[in-house]
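See below for the structure under consideration.
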There are 2 protein chains.
Amino acid sequence: MSFKITILGSSGALPVYGRHPSAQLVEIQSRFFLVDCGEAAQMQLMRFGASYHRINHIFISHLHGDHYLGLMGLIFTMHLQRRAADLHLYSHRGLDEIITTQLRYSRSAPSFRIVFHRLEKDAQGVIYEDDAVTVETIPLVHKIRSSGFLFKEKPKPRRVDKTRLPEGLLIRQLAGLKRGEDVVDDAGAILYRNADLTLPPRRSRSYAYCSDTAYVERIADQVKGVDILYHEATFTLDDEARARETLHSTAAQAATIARLAHAGKLVLGHFSARYKELEPILEEARSIFPEAHLALEGVEFIIPE
Amino acid sequence: MSFKITILGSSGALPVYGRHPSAQLVEIQSRFFLVDCGEAAQMQLMRFGASYHRINHIFISHLHGDHYLGLMGLIFTMHLQRRAADLHLYSHRGLDEIITTQLRYSRSAPSFRIVFHRLEKDAQGVIYEDDAVTVETIPLVHKIRSSGFLFKEKPKPRRVDKTRLPEGLLIRQLAGLKRGEDVVDDAGAILYRNADLTLPPRRSRSYAYCSDTAYVERIADQVKGVDILYHEATFTLDDEARARETLHSTAAQAATIARLAHAGKLVLGHFSARYKELEPILEEARSIFPEAHLALEGVEFIIPE
């Protein structure tokens, strides 16, 4: 089952050298989540052949332009294509006003319902949940209210071992096996022990998105053991003073969070316009956390089952 | 002296096939005007090596997203680059609220002053004027208030013919020659006749931008003799019913306006997503007005002196 992050953009505030601002498509078990939606995100979705029709939930980390300015264009496009399904938007306060104001002046009543979910300042908690996935906020520290997002698969069922399965089991008995129960007869006597017919569940995968933020060590606690951590790395150590001043992070700081969290992989992004070449950012991170990668546009990060 | 239109985007509402929404850079005698500012216009400016620092006046035809959604990103970029000069925005009502709302939630006080100029409904008149250029509105017919823009050079001075210029003329006498006056002595006696020392002024060039609009024949009256007419051609004749319904134009209608106006050249744009290939649009227009061209991204249309 899928768990894939597609980078649509990872530029800092200035979209230079052909780099696009922050946006990612996160696919988990055929659910499609958009995380941040910088300017031209809809074109990037088209460019990389990603369907935007199936996106039902969009998470906006904060209301700086490079993280949400592509949203209005995407909404207009969905409307023009007669989208019917509700669209859920998760954001700190203000996005509802920004969007409804623009809809009003364009005299557009969208073909679908937009449901606004307001994130609370500094809150850490589950904001989305379905039968297989949860999304929780990660409080970040930035010039305005900013949240990261932690995507987690829920615990999975045990897997029935087809090679050892006796004939004639009932559907409810199969379901019970997946829940870890033994197969019993009507009187409650055990016919088969669960451990004899099943394999352990596949592990639950997770992905954390952290942008924009100063260095905040408690992020590592919340994302402990995450498969992939995306952490902004706007600057290198040479510009640490500038990072502190603007409440951004260096590549070394991002790597430190990844190391403290025992993350599987670190993905670096939100590159400042001062870096035309990104190798120094990558090298700085790898000196602390070897499994570091750059969030280059069009690259897919897949978490295997 | 320069008179150049650079196409940054000419897609209709859906930005498909890598086409970007409406935006054009109009350069007249080293003044830089932006006309419409669809999503990602700032990236298109960078892509085509056009400086956005020198843009002081931005004209927005109407408040459908594909004509203005790139504005906020451009403003943030100008702010990040510490722009100092005033930025003048010309638009129908609403743009001020749309922009100030977004600045408020991003907690950004721009480094420069934004001056909003509100266009009046159905008004035809001069909205910008300096010593060499005027811009006037062209009332269009669309689902919401929509205006085209007519850029005109003012009448130019006569040109002093250096090959025939006597020695010893005073600066004020030279200036008088350019205004069409004879050279006179202190008593008012004619020393040289203007016609003997000067050549006729260079002609005043003009450019009309008309998008989005239904077919409106009076546009041809207002833009009579224009050097280049940009006219939207969202559809071909096959989709004329759709054009009527959505208050857009066909390529044939755009060409008819160009013919009625005796335009020098017609530039077609705002192509519907239903046309992957644009040749049919061009051919339809050329059958009525041979000097028709497609507004392809990156193409520059130059009006020679």
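Note that the numbers count up from 1, one per residue, in the order the chain is shown.
Cβ atoms here come from the backbone N, Cα and C positions, even for glycine.
Nobody curates TrEMBL annotations by hand; they come from automatic prediction.
Taken residue by residue with DSSP, A:Asp66 (active site, proton acceptor) is part of a helix. The feature active site, proton acceptor is assigned by TrEMBL to A:Asp66.
Sequence-distant contacts of A:His142 (Zn(2+) 1 binding site), defined by Cβ-Cβ distance under 8 angstroms and a gap of at least six in the same chain, are A:His62, A:Asp212, A:Thr213, A:Ala214, A:Leu247, A:His248. Marked as Zn(2+) 1 binding site by TrEMBL: A:His62, A:His64, A:His142, A:Asp212.
A 10 Å cutoff on Cβ-Cβ distances gives A:Asp212 (Zn(2+) 1 binding site) a total of 27 other Cβ atoms nearby, all chains included. Marked as Zn(2+) 2 binding site by TrEMBL: A:Asp66, A:His67, A:Asp212, A:His270.
Shown for the domain 'Metallo-beta-lactamase' (A:204-271): DSSP residue counts in helix, strand and coil, namely 25 helix, 18 strand, 25 coil. For A:204-271, the entry in TrEMBL reads domain 'Metallo-beta-lactamase'.
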Problem - Intrachain C-beta neighbours of A:Asp66 (active site, proton acceptor), sequence separation six or more, cut-off 8 angstroms - result: A:Ser11, A:Gly12, A:Ala13, A:Pro15, A:Pro21, A:Ser22, A:Gly38, A:Glu39
Exercise for the section: With a CB cutoff of 8 A to chain B, go through the recorded positions A:Asp66, A:His67, A:His142, A:Asp212, A:His270 and name the hits, or write none. Expected result: A:Asp66
Fill in the blank from the handout: Across A:His64, A:His67, A:His270, listed as binding-site residues, the smallest other-CB tally within 10 A is for A:His64
Handout entry: A:His270 (Zn(2+) 2 binding site) to A:His64 (Zn(2+) 1 binding site) - Cα separation in whole Å
Key = 13
